[in-house]
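Participant: So TrEMBL lists the following for this protein:
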DOMAIN    12-225  domain 'Glucosamine/galactosamine-6-phosphate isomerase'
ACT_SITE  ASP67  active site, proton acceptor
ACT_SITE  ASN136  active site, for ring-opening step
ACT_SITE  HIS138  active site, proton acceptor
ACT_SITE  GLU143  active site, for ring-opening step
Amino acid sequence: MKIIVAGDYQEMSRIAANIIAEEIKKKPDLVLGLATGSTPLGTYRELVRMYKEGKLDFSRVITFNLDEYYGLSPDDKRSYHYYMYRNFFDHVNVRPENIHIPDGTARDVEEECLRYDEEIKKCGGIDLQLLGIGVNGHIGFNEPGDELLTATHLTDLAPDTLAANARFFGSIDEVPRKAITVGLGTIIQAKKILLLASGPEKAAIMAELLDDDAVSTRVPASFLLLHRDVTVVMDKDAAAKKR
Ligand code: PGA
C-alpha cells in the first residue's frame, strides 16, 4: 500500500483528483469506479475544475458507482443518483450512456444486481476504483459481518452506518435500511484502488486498518491489504492515530 498523508482535506482532494486525472490521460476510456459520501466531494470539485479549465476530458470515461439506497428513486435528493449528477456528472462531459449506478427502485433486485455485475464485466472490469471508508471499516456498503459477499447484492446497513448517514436524512429513522452495493469481489478485482479518508472520526479505523496487518471480515477494508496497487490518501486528522 502506498500511503500519502495530506495536510488537510483540500490537499487530500487535490492529490486524489490528480491521481484520477493521470489515469484518464493514460487511458481515455478508463473504467472508473466512483464513491459517494462526504469524503470524495472535494475530489469531484477538483475534477470539475480541471474539466472546466480544459485539462481533462471525460468523453470516453465509463463510470460505475459503488452503491445506491434501496427504495430511493433517482430524482430523490437523498439518492446517490442525485448526488452524483449534482456534484459531478452535471458539470463534466461523461456521456450519459457511460454512467452506471445501481437502480435502487428495481422491481427485481436480484436481476438488477446480476445486470450490474454483467455490465462491469462487459466493460472489462474496473480500472480505477475510488473508495471512502466507513467508521466501521465498510467499503461501498459491504458491512462488517461473518462473511462478505463477492457479487453485487442487496444488504442491510449496519447500525454504525445508519447513524453516520443520518446527517443526510434529518434523522436516523429516515435512513433507508437497505442498499444495493457492489461486492468485495468487484472492488478487489479493480486494477488500481484509491482509498480516501478524512477527519478525526476516521482516525481509529485507519489506525486499525494500517497498523494491524491482518485481514478480517469484521473490517471489510482490510481486504485491500491483499491488493497489489492501493493508494491511500488521508488527511492529517484521519492519520492521527496511526503509529
Ligand atoms: P463519508 O462516507 O465519506 O460520508 O464519511 C464514507 C463511507 O461510508 O464509505
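Heads up, the Cβ atoms here are built off N, Cα and C, so glycines get one too.
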Participant: Which whole-number mean pLDDT does the model give the domain 'Glucosamine/galactosamine-6-phosphate isomerase' (12-225)?
Facilitator: 98
Participant: Name the secondary structure element type, per DSSP in three states, that contains GLU143 (active site, for ring-opening step).
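Facilitator: Its secondary structure by DSSP: coil.
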Participant: Helix, strand or coil: which one is HIS138 (active site, proton acceptor) in, per DSSP?
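Facilitator: HIS138 (active site, proton acceptor) sits in coil per DSSP, no helix or strand.
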Participant: Determine the most Cβ-crowded residue among the active-site residues ASN136, GLU143, using a 10 Å radius around each Cβ and all protein chains in the structure.
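Facilitator: Result for the most crowded candidate: GLU143.
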Participant: Below 8 Å Cβ to Cβ and six or more residues apart, same chain only. Which residues does that give for ASP67 (active site, proton acceptor)?
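Facilitator: Residues satisfying the criterion: THR36, TYR80, PRO102, GLY140, PHE141, ALA179, ILE180, THR181, VAL182.
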